[in-house]
């Protein structure tokens, strides 16, 4: 009975991890292109990462 | 210039020189603790597998106990040579509403071992909650589904979390009022701790409030500053050996998120509600579909604020304490020093997370306030 929820939570965490990794990687690219905009990019990156992280944690606590 | 820098160099050099002593001192300390634990557990059970399992459940119980709120401020406990347990800490007041006000000290529970008596009523601690029992000898009854059948009185106690929140509130009040006064005294120039806090306050105003909220930002500054420093200080207190876990309690993060939700809802202008109930610029059938989704979104936003802060802090505490707990499972110099290094690195990361979560909470609150305050620039904006 427990297995499907755990697998689902695992899948969501994989997705969230991929998403945050993509955000971090893209932010690195963006900062490398425009170092002078690094402050704004970091802020946007943190917000996006936090939003995805919330879903990941919600999945962890739902399982 | 070179001479003036010498004391600092000297201090740093001495600190670095003493570092090896510190690292040597720690493993010996740890190994004595480990030996002590192994002696007591071996005394309990001779079976080898049973011993390690006992230790694991003990660590698990310790972590669970840390995550819970409690009625006394418990710092640590130890067993002396005569195998008598000593608890170091201080009791906090218990305030119950049960046919009148019941006020007594939590030391009456004797750490859950006995029932507390107040005005002829008896109360007993069970899994960190207070239940009413008929007399001093009765235990809390549970039914087949592990639900407690005893009556639960209304509980307004000053628990550990409430106590820490009061402490942080007092610290913040004294700190920031004294800072405000020091500005008046020094002709508008920050002094002492103000030199540390002024850039943070300016950052919240210039980089969080103004870009996200716009010209109405002044109305929200007091709340944004309060929430930032409140969450930050509580997160930092959670990393001290005091063992408090205030922001890792879902009721408290729910309270903070609820305040954000109420402020967003009650300061919202007509454009905000217009975008929720009758989204401009989309076809009429789509407006009907979007309205419930948007309405649900207003609740999901503070809900995610609540979950994010709570889960981040709980996850940090659990991982940190589990790594420290590994020390007692490995029981050798390699495992102990490995877990010491890991715990140290993770503590540094947790300091970052403490500030980051406070920042994210403030930032997202400001974003929601900004959404509630958006002006309608022109009617063609949505076409």
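Note: Cβ is positioned from N, Cα and C throughout, glycine not excepted.
Because TrEMBL annotations are produced automatically, they should be read as predictions rather than curated entries.
Worth saying up front: this structure is predicted, and the values here are computed from it rather than measured.
Between the listed ranges B:190-209, B:250-269, TrEMBL ties the annotation transmembrane segment to B:250-269. Within the chain, the transmembrane segment (B:162-180) has long-range Cβ neighbours (under 8 A, six or more residues past its boundaries) at 73, 92, 190, 193-194, 197, 226, 229-230, 233-234, 237, 244, 246, 252. Tertiary proximity for the transmembrane segment (B:223-244) is limited to same-chain residues at least six positions away from its ends with a CB under 8 Å from its CB atoms, namely 66, 74-75, 160-161, 164-165, 168-169, 171-172, 176, 200-201, 204, 208-209, 256, 259-260, 263, 309, 313, 317, 347, 350-351, 353-355, 357-359, 361-362, 365-366.
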